[in-house]
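First up is the structure itself, then whatever we jot down about it.
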Amino acid sequence: MEEERIEESSERLLRTGSARWVDGSEVDSETIPWSLHDESESGEAYGSVRRRLVKKARRVDSFDVEAMEIAGSRGHHSKDSSIWQTLALSFQTLGVVYGDMGTSPLYVFADVFSKVPIKSEVEILGALSLVMYTIALLPLAKYVFVVLKANDNGEGGTFALYSLICRYAKVNRLPNRQPADELISSFKLKLPTPELERALGIKETLERKSSMKTLLLLLVLMGTSMVIGDGILTPAISVMSAVSGLQGEISGFGTSAVVIVSIVILVGLFSIQQFGTSKVGVIFAPALAVWFFSLGAIGLYNLITHDYTVLRAFNPAYIYFFFKRNTGKAWSALGGCVLCITGAEAMFADLGHFSVPSIQIAFTFVVFPCLLLAYIGQAAYLMKYPDSVERIFYDSIPEGLFWPVFVVATIAAIIASQAMISASFSCVKQSMALGCFPRLKIVHTSRRLMGQIYIPVINWFLMTMCVLVVATFRSTTDIANAYGIAEVGVMIVTTTLVTLVMLLIWQTNLILALCFPLVFGTVELIYLSAVLSKILEGGWLPLAFASIFLCVMYTWNYGSVLKYQSEVREKISMDFLIELGSNLGTVRVPGMGLMYNELVQGIPSVFGQFLLDLPAIHSTLVFVCIKYVPVPVVPQEERFLFRRVGPKDYHMFRCVARYGYKDVRKEDHRAFEQLLVESLEKFLRREAQDLALESNLEEIDSISERSRESRDSGFPQGDGTLELRIPLMGDQRLDEAGSSASFEHLSAALPSSVMSSDEDPSLEYELSALREAMESGFTYLLGDGTVKAKKSSWFVKKLVINYFYTFLRKNCRGGAATMKVPHTNVMRVGMTYMV
């Protein structure tokens, strides 16, 4: 009975999975769940399984213990479960997301009919049908019903799609992914299907071919660059279009006056960004609600008053008649038609500021019907007054309402810029987190929504570029020619990435997955062919902006990858530290040293430089790696992963501090230090418990072997030997109701021979040493690294690394600045990386 009780207790410990071991190698390995279903029922077979597990117990490691126990990995990503909160967010989206698309009626028909003169009703009905079906097909069908569902736990944009792909395939250029990181995300394992086999084939192709990784990264960077380019062009065209309405009402109000007033408005718009998206959205949302109501009301009035027969445009045959009648001019007019969907990408890029239901509700029930009524009303007015093309919006306003509508239109145009400004902030933040943009200062503007941020450098750069664009072009027509290229380019990138998500992650049926790019991609390529013809007429501008940002981002990523690979090659071997001894060849003084590096495995070479340059080193050393993982948010309790480096008397640990690309590191260095020490203490206690459990299992195994030998030899079982070898084991009773309890609860059910963490003298000594080091103070050991290309490198590589990448490194924020560490607590050592 006693042996059965021992095996029962051991089986319950194994079944709960409360203790896990790794093989002690530097390479992180996933913990495979223990299963005994294919073992025989004999005690010998069971004991052999247990012995194999015990013999692997070289070291307890929080990389594979604490990090694998992700509590509520899905729950912390959910937001706005209340219907009232969702409706409130839907109202805010009007002021942030839909301003750009909402101001398109100011200039769409004016631009379209500047290319195609109105000769009959076919031009009007064809242009109206083209606009209506473009809005229904791309923003509504594509983004609202498909693309928004491809979000990365509530975060949208091209980099969110890239992050999602990186979790399912090792395509990230920085090779620092760990198996424990996968459990933070909502990764799902599906049963074998033809779709799964195809997904695995795509995954292997992406991982095997370096050219595919580079191509995918360039595609993402290109889309991100164009979104930032939109952030420059959107404010310029929106504000100028609204202000230009005064030219027909006020005598002497010419082009120069339009430019000056527009610049003043733009400076004011960018100046209020520092107050945050929530405050801006709350302030702007009522004005945009009035604007959309005005659009719908004016459109309905014009439809009833002038010509309701324009409803014939719902027949798509008029699109065919439009192209048949005008051919080349109609194709050129597509560049103006695409302006009706400018800002559609903001629905996805700004998703992190809101939620999927809020954006869907706002567009489906407010934005879409109001825009349709606005364009239908303008077409009805043109049927009666075809000569009013240049000022179609303002001429179609009922008499006596010009000034109220003009004021609302100007406010709406100002607000329209907010969509792409917020999207630019989100894209830059995501690219920084994934190692594709130099580190910049980020201000978190909301305590409730982590996605609402403000980046001062990007804000003032966008403002400067907007002012230059307005002052240089001085015309909305030329800016409109530039605008379409950036918008359509981003849409094509999104279509490509979402198709890859369908095949790789969603594992959609092949026919359905191919229908997505076939339908939407074809339409977007047609629009792209039209807007590319305007390159010489201003279309070069977004391409120039995108090229600049693309070069900056790719240069930063390229240099970061080479630097990381150089650090991996130059790692210090553990044998070298063992030879130095626990004093590391120098003097250990009280204090805690936090050595920052980019390695998740191994000892960085900069540590050897510290040993050479310093006469003494701290009594406790922690190698800290700040690592961004491809998930939006990492829970606070899962922030740190620990591993012991070397024997116990070395007092050296490795710490990986994990952040999601939506996480904003706004804590000061004291809060960071306190959280790190608390997590380290927790790791030490868990280590002591697991090692005690390991020794206990070995003891149980040896006793079981002796008992079995005694039984086989014919010795009586009632001699009390078992009770003497395991003190108090005879009185131990396990509570069946606690089989799924956590490790802390389960430790109470262990035999009393397992020493508790409070009674372990070695643990108490190590904890006291840790507290003494903490009280002596923290010192941040940073490597002031210089990256240089090898002499044998190509000229282009030397140019990129020695000049461009070095310039970016010197002018971006460093790790100490990000953590707000006082300079008195920082110690630097020079280091040169030859790449």
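Cβ coordinates come from backbone N, Cα and C, glycine included.
What TrEMBL lists as domain 'K+ potassium transporter integral membrane' is 90-578.
Tertiary neighbourhood of the transmembrane segment (124-145): same-chain residues 101, 108-109, 112-113, 116, 118, 310, 312-316, 318-319, 321-323, 325, 330, 333-334, 337-338, 340-341, 344-345, 347-348, 359-360, 363-364, 368, 371-372, 375-376, 379, 382-383, 386, 491, 495, 519-520, 523-524, selected by CB-CB distance under 8 Å and a gap of 6+ residues from either end. What TrEMBL lists as transmembrane segment is 124-145 (among others).
The transmembrane segment annotation in TrEMBL covers 215-238 (among others).
Per TrEMBL, the feature transmembrane segment maps to 250-270 (among others). Through the fold, the transmembrane segment (250-270) approaches residues 235-236, 239-240, 243-244, 410, 414, 417-418, 421, 459-460, 462-463, 466-467, 470-471, 474-475 of its own chain, all at least 6 residues removed from its boundaries and within a Cβ separation under 8 Å.
Among the features that TrEMBL reports, transmembrane segment is placed at 282-304 (among others). Beyond the ends of the transmembrane segment (282-304), by six or more residues, the same chain brings 91-96, 98-99, 102-103, 105, 310-311, 366-367, 369-378, 380-381, 396-398, 405, 408-409, 411-412, 415, 418 to within a C-beta distance below 8 angstroms of the stretch.
Sequence-distant contacts of the transmembrane segment (330-349) (same chain, at least 6 residues past either end, Cβ-Cβ under 8 Å): 97-101, 104, 107-116, 126-127, 130-131, 134-135, 138-139, 143-144, 147-148, 151, 156-158, 227, 230, 234, 322-323, 359, 363, 371, 375, 416, 419-420, 422-423, 426-427, 480-481, 483-484, 487-488, 490-491, 494, 526-527, 529-531, 533-534. Annotated transmembrane segment per TrEMBL: 330-349 (among others), in sequence order.
The transmembrane segment annotation in TrEMBL covers 361-381 (among others). Remote same-chain partners of the transmembrane segment (361-381), defined as residues 6 or more beyond its termini with a Cβ less than 8 Å from a stretch Cβ, comprise 86-87, 90-91, 93-94, 97-98, 101-102, 104-105, 108-109, 124-125, 127-128, 131-132, 135-136, 139-140, 144, 289, 292-293, 295-296, 298-303, 305-308, 310-311, 313, 340, 347, 388, 392-393, 395-396.
The transmembrane segment annotation in TrEMBL covers 401-428 (among others).
Taken from TrEMBL, the feature transmembrane segment applies to 449-471 (among others).
A Cβ distance under 8 Å defines the sequence-distant neighbours of the transmembrane segment (483-504), meaning residues of its chain 6+ beyond its ends; these are 138, 142, 146-147, 150, 158, 161-162, 164-165, 168-169, 198-199, 202-203, 219-220, 222-223, 226-227, 229-230, 233-234, 237, 335, 338-339, 341-345, 348, 510, 512-514, 516-517, 520-521, 524-525, 527-528, 530-532, 534-535, 539, 542-543, 545-546. The transmembrane segment annotation in TrEMBL covers 483-504 (among others).
Feature annotation from TrEMBL assigns transmembrane segment to 511-532 (among others).
Annotation source TrEMBL lists transmembrane segment at 538-556 (among others). Within its own chain, the transmembrane segment (538-556) is flanked in space by residues 217-218, 221-222, 224-226, 228-230, 232-233, 431, 435-438, 465, 469, 473, 478-486, 489, 531-532, 800, 804-805, 808, which lie at least six positions past its ends and keep a Cβ under 8 Å from the stretch.
Annotation comment: TrEMBL describes 590-833 as domain 'K+ potassium transporter C-terminal'.
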- Task: Pop the mean pLDDT for the domain 'K+ potassium transporter C-terminal' (590-833) in here, whole number is fine.
- Result: 72
